[in-house]
Amino acid sequence: MGPGTAVGDREWERELLRGPGAAVVGDRDREWLLRDREWLWGLGMAVGTWDGTGNGCGGSGMAAGTGNGCGGPGGAGWAWHRSGCVSRGLRPGPASPRCCPAPGHSNLNINDVLGNYSLTLIDALDTLAVMGNSSEFQKAVKLVIDTVSFDKDSTVQVFEATIRVLGSLLSAHIIITDSKQPFGDMTIKDYDNELLHLAHDLAVRLLPAFENTKTGIPYPRVNLKKGVPPDSHNETCTAGAGSLLVEFGILSRLLGDSTFEWVARRAVKALWSLRSNNTGLLGNVVNIQTGHWVGKQSGLGAGSDSFYEYLLKSYILFGEKEDLEMFNAAYQNIQNHLRRGREACNEGEGDPPLYVNVNMYTGQLMNTWIDSLQAFFPGLQVLIGDVEDAICLHAFYYAIWKRYGALPERYNWQLQAPDVPFYPLRPELVESTYLLYQATKNPFYLHVGMDILQSLEKYTKAKCGYATLHHVVEKTKEDRMESFFLSETCKYLYLLFDEENPVHKSGNKFMFTTEGHIVSVDERFRNSLWEDILPGEEESSQKSKPTELKAANFSSNCNRVPDERRYLLPLKSNYMRQIDRMVGLI
Ligand code: DMJ
């Protein structure tokens, strides 16, 4: 029987279903899976019970420590709050909660991501709403209002503070003030826009990063009290500097103050103007004063990922035509220079399509690894309707997941081995899985989600939460749970299985920020109140209807996925096997 025939696919599918972790496909299985949402609730409770009244942090997959032995009385989440060691990130082990190092501490990885401003609590707010848990949402919001202050001698990354903190505050504010209340009653008694004020305060503290830079590209770090540290270096990455527009734009439009959107947009345009004349590609590290590319690697992973994502998402939200034009050009250049392998995902000869890292000026291969971060790209492709291509790249990452039960931070496709072996509970593969399921409704993606979920349970579950895998082969753990585990990984997993969720059923249109924060695609974000007062910007503020969204070189959209493909594997079995071979699975 020839590979790729319908019957071949079905056989392979059955084989797949007999394999370990196979549980889904077919209505009965799906029912069972949906019943298992209770388990997901447990996972969701990783963000719940902020007052520490829960019993035992391990029960029902509960994380963030709500019981004894997890960072003091009431568990880590509570202990942070009471001990003055207000949460920066989470330590899922039964040790004391992670405290922020002293200001100026050299451990940048901890210091300037965690920020000493209740990062995990804030980042998880809208996850509670999406899960319909109004009491915990209201409790968490009040805790933020009562305890969080940004008036701190704390040096933070502008990018991380924007996507994790600013984005979450704005998202929660929008949910609270939405007159339709799609997630149930998420209103807060006597709410006086406190979250919006907090967001504003934080953004003002980030603004110094955009001053004294000759290109308009911001400094990567800023001290919340003192501005840009005197010893700041002048190099930043493309994603860090160029993915601020969604949050800054929302803030500007809610406040009617163009400043924030203006600086973020200026940074995007500055980066865009530095693309190579030859390939149209951008590098990954740039000098903010000279505009010279320090990192000439062009790829879709670390240092670049969300730059592309935000070109498209800014357009979806604000309808500014120039954002779509930049995105379309960037997408075309990516296809021309980064994509390797056969032309079509699901037909023809040759290696499976893969997006590699190249020199931005020549388009020549720079290395043979791919980042786990790049697994977001199929999700982005879904948003523009390039579902066919998305299926292939997603399948590649899923094969890596199957091999290790996690995604190594960097995987070397030539050596078929991890180059950087840790897995910090990143969401990108789940995110793409969720979006592909929404686009295709193919139960295969429920199977993938279940597989991911079971691996998380098996390898990363710790006493007080879910732990970073230090090594995906050895399965050793680190006492660290990144805040994006709650804001993204849990949220996308939950939504994947919750078909009735208001996100899917309320009739509202929602978009996810790069940190997974939910924002309604709302007419009010399409009106910039300052248009009249900024003459000469008419061109850039041209609006286009969402229906005009059409990316360059897209080969399909979700309506074009033929019916039979919805019930078979999304990718022909011979191609699936080819990918499995490529990652050393078979
Ligand atoms: C998140 O903070 C965001 O998704 C960001 O865009 C990339 N990295 C992490 C998750 O891996």
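For all residues, glycine too, the Cβ spot is worked out from N, Cα and C.
Just so you know, TrEMBL annotations never went through curation; they're auto-generated.
Other Cβ atoms within 10 Å of the Cβ of Glu160 (active site, proton donor), summed over all protein chains shown, number 22. DSSP assigns Glu160 (active site, proton donor) to a helical segment in the three-state reduction. For Glu160 (among others), the entry in TrEMBL reads active site, proton donor.
Listed in sequence order, the residues of the same chain lying 6 or more apart from Asp305 (active site) and placing their CB within less than 8 Å of its CB are Ala239, Asp371, Leu373, Gln374, Phe376, Phe377, Thr514. Here TrEMBL flags Asp305 (among others) as active site.
Following the DSSP three-state reduction, the secondary structure of Glu409 (active site, proton donor) is coil. The feature active site, proton donor is assigned by TrEMBL to Glu409 (among others).
Annotation note: Glu428 (active site) sits in a helical segment as assigned by DSSP. For Glu428 (among others), the entry in TrEMBL reads active site.
Thr514 (Ca(2+) binding site) carries neither a helix nor a strand DSSP state and counts as coil. Taken from TrEMBL, the feature Ca(2+) binding site covers Thr514.
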Exercise. From the recorded positions listed here (Glu160, Glu409, Thr514), select those whose CB sits under 6 A from an atom of ligand 1.
Key: Thr514
Quiz item: How many neighbouring Cβ atoms, not counting its own, are there within 10 Å of the Cβ of Glu428 (active site)?
Solution: 24
Quiz item: What is the interatomic distance between the Cα atoms of Glu160 (active site, proton donor) and Glu428 (active site), given in whole Å?
Solution: 16
Quiz item: If one measures from the C-alpha of Glu409 (active site, proton donor) to the C-alpha of Glu428 (active site), what distance in angstrom results, rounded to a whole number?
Solution: 11
Quiz item: Which of these recorded positions has the least crowded Cβ, counting other Cβ atoms within 10 Å: Glu409, Thr514?
Solution: Glu409
Quiz item: Looking only at DSSP and grouping its letters into three states, which state does Asp305 (active site) belong to?
Solution: helix
